[in-house]
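Student: Input: one structure, supplied below.
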């Protein structure tokens, strides 16, 4: 090729693809809601929407954290366990000192999660152990610690201060606090990832770890940072969990990691890092929650839900690969070595 | 058909198991009831209760407040008869982990295993192994198959519970309207027998105006029950009563309703723990619910097990034994020992109970 | 040159495979000496039965991980196999045709994984997390929350029984035979050489005439097949077919394989080490339970062992490398 | 010529990897406003120098001084902060990010609340491209850019960083004549703005066209630093090689036999198009051309590791089906690939496993391998090639580059090939081994093996080959006999110099 026929400036095709990707989820959501509503109009009642949003809030907060980690080409499977530990911690805390303001509780929850995140991140960074293995291990360990601590005890709603439970149910202008909090987390993370140098460095690391190192990006520090964010958000989700459900035992959040990873992958975050947005991840969380709700309303056997989640993951990664191949074929004009 | 035969041949080759023709479910029906003949020897009603008996409790899972109360009663009883109390159990309500624990208890040479079966059949082979080793098996809460336990402590007669659930539902619905059941798991033995009785009751003319629209399953998981309650109310706008014969379900449903716009429109009843339900009774979400005293179940199980291990009883129908503060009990058909009638809790009496 | 030699020596010293076998033997000896009734023949039987599914699934998993891939869907395949077994049994099908069908089903489920990974070239982690959810979900669709019991006593007794008058469990035969088969395939056939080659460098393996896609595909099929078999044996052991059978088992299997010295990056590992890893996890669990140590502690031990098993060789290597560069 | 103090000085730096000393006591100075060439054979230590300047490797001893002050480059960030920009042979971009973002990474223009001002960032990139005289869309992702365009993005990166020292590691290797001209224009303007340029290239005409000063390295050591006006190309070559050229390439004269490999109309869009040639038994045919001209892809396609769109390959009359290395091996083709670490060897596996991998089936008995036969065969072949190693069970990665290459050769010679394809057979190996490899190829040809050699080293091509095929941009553009092949004629065909304006 010669340099003369360089591509003329045009709209980034990658951007378009990403837009299409998120649009796909929105369309799927719209169709789902439409079908469900036709079969049962109460699906769109205020209460029902509130329930879905509340359910989404917790999953979305987790998914945002997970997206940050996945964008750096890592994964955090310990989020469910971290959520449990944080929920039990704040539950116990509130039992003992019911007068604590909600904001302090939120901070404590996030701090508990952040500590777990530091452990994960440090093991990945200094131990050179793949994140999958590290977080699989801490999934066991953190859950074990929670069981150890909680024993058989359960914290019931009547043991929690009503102020805290109100936080789980109260609304501003009809929007529950939890949802507002989730939106806040989403917007802040989204803006940092898109508009701040640190955020862009996370994408760079995921896109090409080697190039990131050569570009002088502090890869190790950012990796730990990503895990701390994921941990802290899982801890925060633990507080939301406690406020929403009121009943906390050592098993809180068991198996959540699967839904979270599903939300992120369905939301278009590439498993090998470098692309995807937290908006997509949050949309993925909304879609999964809505599916669960719709199944109940449509009286489709609840058991289909997990199968649908699995199918969606496969569909999402399969579609992403096909689109990527097509885009790559379009962008690439020469040079394809064996890789 | 020929394909199936081919596969059958394949199977024989693969597993080198001699099998003539196809072994199907119907061809084996009734063959699997061979229970080991244990506890030979006759009951000696006057035998004293042995001291130092090792009595182990294996509930469905450990982190359940209801279970904690039950085994708490057992601990008291074991203390009274100067035995060794032990509590083991899985964190997940799965039969496979229970089997591992039963095996462990056999190794530890316990005298009595008091177990709530997660699956009536899956635990059977292990329980029978325990019985072969001379261990007495008492089930509570959720029975194992009759062929693999010595006695079953029934909280209340199935009939009694089913009737009282329907009675409460009918009162709360004002005699007519839609009701739904929020149960635990679809294969929970106790739940299903109660539901069966309820369905029979509902079929009676006096309940003709009550319509059971759905049986939902919350898996005795707080969150799942919460979501299921949510789904019920969305799907059935005219629902008047949710009956939840499980403590996890009733608490989750009450919590959902108390914080939602359905409060006051939909009544919740069923079987619940007073401590868990107090808040919802006081805020008016729940008018009444019922339960036996769970501590008494564990308590009674300890005495029944000890009596058997000491040779006072063998588990045969009609035998009598003393169960400490609870007085004398008679063993019913199939080794069932019925605790007594359930108590109804309302705003008026709930503060008298603490469990 | 001398630096290289010390390195070789250090590497031999740090050989995880040898270490894990030694550790397993020590744990077994200590447990037998200090834990009452750990060493009884009956307990041996229980131990083997408890190990059965993990041991079986760990065999193909070892090969899959040595090629640098992973299969997280094994426990769900086990569950679906069990659920289908229950469903067909309820439908009054003969058990002799149900069992091969369930094995076939497992192979098909594995093939689906294999196709996604090799033909579409998708990361196996994501694919098998997807099928983990999908297969488990299908198991629930097939059987719901109900349990099917009453499998013929001939079969269930065989699975829980012992050989003749000995105290050797019948299922040990299956474990031993399959372990030998997989061990020989991995360590003494051209297929095994190719497995290591693909894991050590897929591109170089291709340049040496190995077809990595085909190889991986068949490994996934084997993984599915063995998981299906584990599902059948699980069902017969508990005489209970349930959709949630074996849930979470994949973590224990991966933990055992990594503990056995297989590198998560592929290219390294040995089957004897994996067997030792399985036995170590199982006997530790058994002994701790007999000593009335709670399940919780067990979780922590498993998690820590998992991390340490990957961390230790890595740290050793990076210390060596730091000295080198 | 600027006089006075050097901008950057390298003082007696040394660096070893394991037992291999890559750089020993090397010193030289870079001056602002001057372009400085660093030349030497492959494996002379140039890349290690580059990596030390980039902060990737830290010298074992010696210092790097900036403005006379010793600096410690502990990581790429330090090098960046010191104003050193490095443009690698293979560009290091983030494929998922936009071109503008790639350029600005770490220095994005900030707006309110320290957020990235995207408009300004794109604007900046666009301006840089105007200055470079190229039209790349700053908004497009880096994925899919040609090597040349990626190179330009790298240069834009250095420009945007206002780098005072710009190191270019063989940037022209994959560029066409026009692209090279444009690159040089940019480089000169950088130099004229006062930057110190370090330029690494194998092409002497480029070195003389761009640079004022040249440092020559050989076997990890500094040989000389001269003004280019003081030294001729011949002298440079002699200093680089350090020995008589003629003795290096002992091609024996052989009368070619029957056609062993016949390639007809081989195409794979967009990598190569309609490639046809024959190689006869006993002949050594070189496939020359610039990096990226499609040579490696052609031989990989012949061997079957790469697919092909159309065309046929025949080996001794047998047609090979596409995409099957297995079948190619069975037909008697062996490929010693270009990239030893990724394609040739399994670095973590033992020497014996590497040597016997392609033959694991034929070495098995009843389908089983017990290790003994493999070990014996591996020992025989490694000894035949005089490979130096500790134990056969050692990881092949612990060997030196030359011995690694011998393992690769042993691996393939053991398959008893009729057609031996070697891709850059002597890249990165020491001089002694190089001669051994050449002798080996020559004697194989004498035994009747057809040898197809891809090489970027012109002396090697000219010395070894009976015929030279030259590729440019995916096409076979020239076939030169041994007598017609000169450095000029080959380079002329490879670069298409007629395109130069």
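The count begins at 1 with the first shown residue.
A Cβ is built for glycine as well, from the same backbone N, Cα and C atoms used for every other residue.
OK, TrEMBL features for this one:
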TRANSMEM  C:14-35  transmembrane segment
TRANSMEM  C:47-66  transmembrane segment
TRANSMEM  C:72-89  transmembrane segment
TRANSMEM  C:101-122  transmembrane segment
TRANSMEM  C:171-196  transmembrane segment
TRANSMEM  C:217-236  transmembrane segment
TRANSMEM  C:248-266  transmembrane segment
TRANSMEM  C:273-291  transmembrane segment
TRANSMEM  C:297-316  transmembrane segment
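Mind mapping these onto the model and telling me what they sit next to?
Tutor: Tertiary proximity for the transmembrane segment (C:72-89) is limited to same-chain residues at least six positions away from its ends with a CB under 8 Å from its CB atoms, namely 53, 57, 61, 95, 98-99, 101-103, 105-106, 109-110, 113, 125, 128-129, 131-136, 138-140, 142-143, 147-148, 150-151, 223-224, 227-232, 234-235, 241-250, 253-254.
Within the chain carrying the transmembrane segment (C:171-196), a Cβ under 8 angstroms from the stretch's Cβ atoms is held by residues 48-49, 51-52, 55-56, 59-60, 62-63, 66-67, 159, 163, 205, 210, 215, 219, 226, 229, 233, 237, 267-268, 270-272, 275, all 6 or more beyond its ends.
Away from its own ends, the transmembrane segment (C:217-236) comes close to residues 52-53, 56-57, 59-61, 63-64, 67, 69, 71, 73-75, 77-82, 85-86, 99, 102-111, 113-115, 117-118, 151, 155-156, 158-159, 171, 174, 178, 195, 245-246 of its chain (Cβ-Cβ under 8 Å, at least six residues beyond either end).
Below 8 angstroms of C-beta separation, residues 15-17, 19-20, 53-54, 57-58, 61-62, 65-76, 78, 132, 198-200, 273-278, 280-281, 302, 305-306, 309-310, 313 of the same chain, each at least six residues beyond the ends of the transmembrane segment (C:248-266), sit close to that stretch.
Tertiary proximity for the transmembrane segment (C:273-291) is limited to same-chain residues at least six positions away from its ends with a CB under 8 Å from its CB atoms, namely 16-17, 20-21, 23-24, 27-28, 31, 35-38, 43, 46-47, 50-51, 54-55, 58-59, 62, 179, 252, 255-262, 297-298, 301-302, 305, 309.
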Student: Which of C:14-35, C:47-66, C:101-122 shares the most C-beta pairs under 8 angstroms with the transmembrane segment (C:297-316)?
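Tutor: Most contacts with the transmembrane segment (C:297-316): C:14-35.
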